[in-house]
Amino acid sequence: MVFLSTLFVSDSQNSIISFLFCFFLRFFFDSIAEMADQKMKERRRVSLMIMVLIFQVLSASLHGCLAATGQGQPPRKPTSIHPRAGVRSSVFLPVSGNVYPLGYYSVTIGIGNPPKPFQLDIDTGSDLTWVQCDAPCTGCTLRRDQLYNPSKNNFVDCKDPICLAVNSPNPPQCKNPNEKCCFQVQYADHGSVLGFIVLDTFPLRLVNGTLSKPNLAFGCGHRLQNRGLHPPTPTAGVLGLGKSKASISSQLSSMGVTKNVFGHCLGDNRGFLFFGADFVPKSGMTWTRMLQSSSYKHYSSGPAELLFSGKPTGIKGVNVIFDTGSTYAYLNLKVYETVLNLIRKNLSGKQLHDVKDKALPICWKGTKPFKSVRDARNYFSTFALSFTGSSNVQLQLPPENYLIVTEQGNVCLGILNGAEAGLGTTNVIGDISLQGKLVIYDNENQMIGWANADCNRKFG
């Protein structure tokens with residue numbers, strides 16, 4: 001979600017083989033199979049998880065927090081990945097989901113002792129992990145027995161260093177040092193989550209075979225509001241993977257469990273997420289530097305030039321945010337109109353016609369219903385972002401990375417007008433543009449990397 005809380009490839013001489021994993025991952029999968037079997041409900045999200053560029057961790061004096069509780073180039077071939085030995089280990093988690101019709105990707109993680117499984121929307125656009133919480137809860141979408149149930153010892157005090165860390169750089173306003181640390185997250189669709197910061201155990205099986213049980217800080221969301229046009233996802237909450245000290249990756253790194261590196265690979269209905277550097281390929285990746293300005297608190301890169309069919313479009317200076325919390329791509333008005341005009345000009349004379357479809361604003365129908373994007377891809381061309389600050393660094397967007405095929409057999413554009421979503425001039429690259437790619441966020445070296453990959457392969 002881009003707290004807001006919305007993608008591309010260069011040349012390589014390395015040959016590509018499919019992903020292979022060491023035999024010890026079988027042990028890991030056995031240990032989490034019970035949690036991973038939890039079924040998803042088939043509900044669609046279009047842009048619910050796009051977040052406004054604000055995130056506040058507030059003191060328990062926040063009105064409503066107390067009231068709620070009464071307590072205060074040519075595309076690469078797939079890159080090979082193998083676990084590599086390191087000082088710290090890594091965590092590997094299977095991912096479920098798709099862009100359409102679900103509209104999100106999730107992992108199942110156990111919290112507490114004994115661990116209770118929670119299905120969480122993976123989100124590189126926000127920092128704080130939160131789950132629906134029985135404190136008690138208003139507006140929660142899960143049954144009460146599925147909610148996280150905190151004990152008195154789980155709550156974090158307002159003056160606790162953990163509260164200061166998740167609230168950085170602005171200290172919380174504490175009237176009383178014993179007040180509970182409270183948080184509030186607001187979304188671009190006018191939804192919001194209010195709750196407390198808590199600490200609890202996250203049992204994680206490391207790829208070196210050991211079981212780690214770090215106490216991690218996360219949000220206990222007890223007041224949820226959904227005012228958007230689309231229903232909320234049926235997940236229990238959000239796995240925050242952003243850049244701040246509050247993110248899961250940062251916390252695991254500070255405790256010495258993993259390095260502050262993570263990656264994801266999103267397929268048609270499955271994929272994987274990992275924490276740590278053991279799965280970072282030694283070669284075959286394309287890397288670009290993260291933007292470090294205070295204006296870019298998210299995983300941003302740029303500036304880049306927009307290309308279409310390998311040719312310049314006249315659009316330069318594009319900065320983008322990588323956000324798995326957004327289903328689709330969102331471009332500022334100028335870039336969006338350019339993209340739409342190029343696609344329509346390219347379709348001139350072809351046997352595709354505009355059609356209304358409830359899935360997305362811009363759709364086309366063919367002479368017969370399409371079964372997949374593969375059937376429609378020959379009508380469309382490839383976009384790319386060429387990062388001007390790096391030599392020969394491109395992130396390719398073939399038709400599979402900006403189109404969907406709906407239940408009606410129409411092909412629709414998964415690039416939306418960010419201005420209409422309240423994102424202003426921000427450009428967001430979401431799940432649709434990150435499919436079929438291994439994407440790595442190296443916070444140790446402030447780099448973002450990607451490579452084509454077979455994310456649908458079943459591992460273990």
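Note that Cβ sites are derived from N, Cα and C of the backbone, with glycine treated the same way.
The transmembrane segment feature in TrEMBL is assigned to 12-29 (among others).
What TrEMBL records for 50-70 (among others) is transmembrane segment.
Here TrEMBL flags 105-451 as domain 'Peptidase A1'.
Residues or ranges marked as active site in TrEMBL: Asp123 (among others). Asp123 (active site) has a Cβ environment of 29 other Cβ atoms inside 10 Å.
According to TrEMBL, the active site annotation covers Asp323 (among others).
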Other C-beta atoms that fall within 10 angstroms of the C-beta of Asp323 (active site): 34
Integer Å distance between the CA atoms belonging to Asp323 (active site) and Asp123 (active site): 7
Within the predicted model, mean pLDDT of the domain 'Peptidase A1' (105-451): 93
